[in-house]
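Colleague: First the structure, then my questions, so here it is.
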């Protein structure tokens, strides 16, 4: 865990990374995940039940993979001082949280309606999505919600913004770095409907990451977006208006307008707080 502490306190910095290197990182991460998940599941399964084995093996595997990737793709600061990277571990203020909340909810509502026809079409053609739903239906729903709303966002943000985007920013302009990291973020979702949505969401996360200079900010954004998707899918059955595209669009645009007004009044409200 020392490497994680070093990352958070700024005593290490990311190595420059081109697009090919970032692709290699994703492939390495996938291979490590598969191998370590098999090993950890086999060991943990000897002591606890199958469903808890899934959860704990996933957590342990992800922690080990993140530590290994940090060791490979990060290096000690040459002058033993805080580098530019360290800004990306800033904490976030309450005003920043509120601004992110407005932006994330408005983005999710607007894209939910805008992308819905495309998503439905792609879903009807995707065998992979059917396979994923089949696996999800056999998983404890509480563990599934925990993975979607907490574990997934934390791990994905450390990997795609904390490691990959950090490295790409040392090679490319912010626009190119965000685009490349978003493409990879999209591809790892493995099926067309999710890939399409993840591409645009990845761009939003990249913009927030650079603006706030905080890994915590994008983790919070990711958690809110995933949680909102689950809440809407559950409440739609009891509140039919939540299935109304016009209502969702207007609500999303209203929240976006509030965000823009507040941001124009105080651009610093989106700044992270230096640790």
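Glycine is treated like the rest: Cβ placed from N, Cα and C.
Pasting the relevant annotations from TrEMBL:
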{"type": "TRANSMEM", "residues": "20-48", "note": "transmembrane segment"}
{"type": "TRANSMEM", "residues": "54-74", "note": "transmembrane segment"}
{"type": "TRANSMEM", "residues": "94-122", "note": "transmembrane segment"}
{"type": "DOMAIN", "residues": "140-227", "note": "domain 'CAAX prenyl protease 2/Lysostaphin resistance protein A-like'"}
{"type": "TRANSMEM", "residues": "142-160", "note": "transmembrane segment"}
{"type": "TRANSMEM", "residues": "194-210", "note": "transmembrane segment"}
{"type": "TRANSMEM", "residues": "215-235", "note": "transmembrane segment"}
{"type": "TRANSMEM", "residues": "241-263", "note": "transmembrane segment"}
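How about a rundown of where these features are and what they're close to?
Modeller: Long-range neighbours of the transmembrane segment (54-74) within the same chain, counting only residues 6 or more positions beyond its ends whose Cβ lies under 8 Å from a Cβ of the stretch, are 1, 3-4, 6-7, 12-15, 17, 25, 28-29, 32-33, 36-37, 40-41, 44-45, 48, 139, 143, 146-147, 151, 155, 158-159, 163, 167.
DSSP places the residues of the domain 'CAAX prenyl protease 2/Lysostaphin resistance protein A-like' (140-227) in helix, strand and coil in these numbers: 76 helix, 1 strand, 11 coil.
With a threshold of 8 Å between CB atoms, the same-chain residues lying at least 6 positions outside the transmembrane segment (241-263) that come near it are 99, 102-103, 105-110, 112-114, 116, 232, 235, 269-270.
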